[in-house]
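What TrEMBL says about this one:
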DOMAIN    21-103  domain 'GS beta-grasp'
DOMAIN    110-361  domain 'GS catalytic'
Amino acid sequence: MVQLANKTVLDRYLRLEIPDQKCQAMYVWVDGSGENLRSKTRTLSFIPKAPEELPIWNFDGSSTGQAEGSNSDVYLHPVALYRDPFRLGNNKLVLCETYKYNKKPTDTNHRYRCTEVMTRAASQHPWFGMEQEYTLLDVDKHPLGWPKNGYPGPQGPYYCGVGASKVYGRDVVEAHYRACLYTGINISGTNAEVMPAQWEFQVGPCEGINMGDDLWMARYLLHRVAEDFGIVVTLDPKPIPGDWNGAGMHTNFSTAAMRAPNGITAIETAIEKLGKVHSEHIRAYDPHGGKDNERRLTGLHETSSIHDFSAGVANRGASIRIPRGVAEEKTGYLEDRRPSSNADPYVVSERLVRTICLDES
């Protein structure tokens, strides 16, 4: 039997003082799956103020699906720095890009290419807001709070619900929210979702590459916080088959032209561009070229069909939704409802900018 950690005892050690000008830096990176995160810690003899000050490190890529055992070193290049909500003090979380032995980006280092695209489109000031849906599970991978030999009542009372019979796992949600605020992640909200044990948090608005950085680190914090509660997080876009909502990563997008007076014209032009490359976006909107989204984008449960492109005002069954307020004020943003919950935010944001800002298909 696995003995659960005593968090009270652990806290006693975490309160021990660290010598001046030393700190612990937790390096965090996306592994070879393109979905999971890994991390490890090193001691620094200074307190870093920017990621450029941190040393490049390495790890065994043969154990993360990023290298062969005969040539296993993969390099960690620090790119974003955050406060550490677990160790507190001057300790840091360090988001990293991964590079092969030949100094080329690994196959799942999508940040490298995304940065180049964001730089080219910088004059258009692309803003993003991503809505990350997820589901909480017991350690046996059964949805948290669900009957072990059956199902809860049908969907309806759970969305933004309150009460022990409607909401499961709020402690994780509240702890994660505070942890994100502490680190400096631009988290903007959270809510219970349509399926019981399903939740959502929103990050943004963020400009350019900051969107992917903040969302990946927010995902890391979510898994790490849930670990402390003995709960599992899944980003599977359809964790429970049948008459239950799936999970997405709805992406709100705008440029300076869309946010300007009469920006609705730019929004409509962007939607027209998106419609011409629907299949390319579907392939980019989950880690398996659209296979994950096939289970979710059925035309039911507040989704559009994966095979058809559509747009509409306040329509949650469309590929692209124009919020009612945007249509009335004729300025603002659009919402792309197609990305799956396990999509890479670097890939999604890059694909949107290539299509809308750079006219690349």
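Positions of Cβ are set from backbone N, Cα and C atoms, glycine also.
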Mean of the pLDDT scores, which run from 0 to 100, over the domain 'GS catalytic' (110-361): 97
Within the domain 'GS beta-grasp' (21-103), residues counted as helix, strand or coil by DSSP: 6 helix, 41 strand, 36 coil
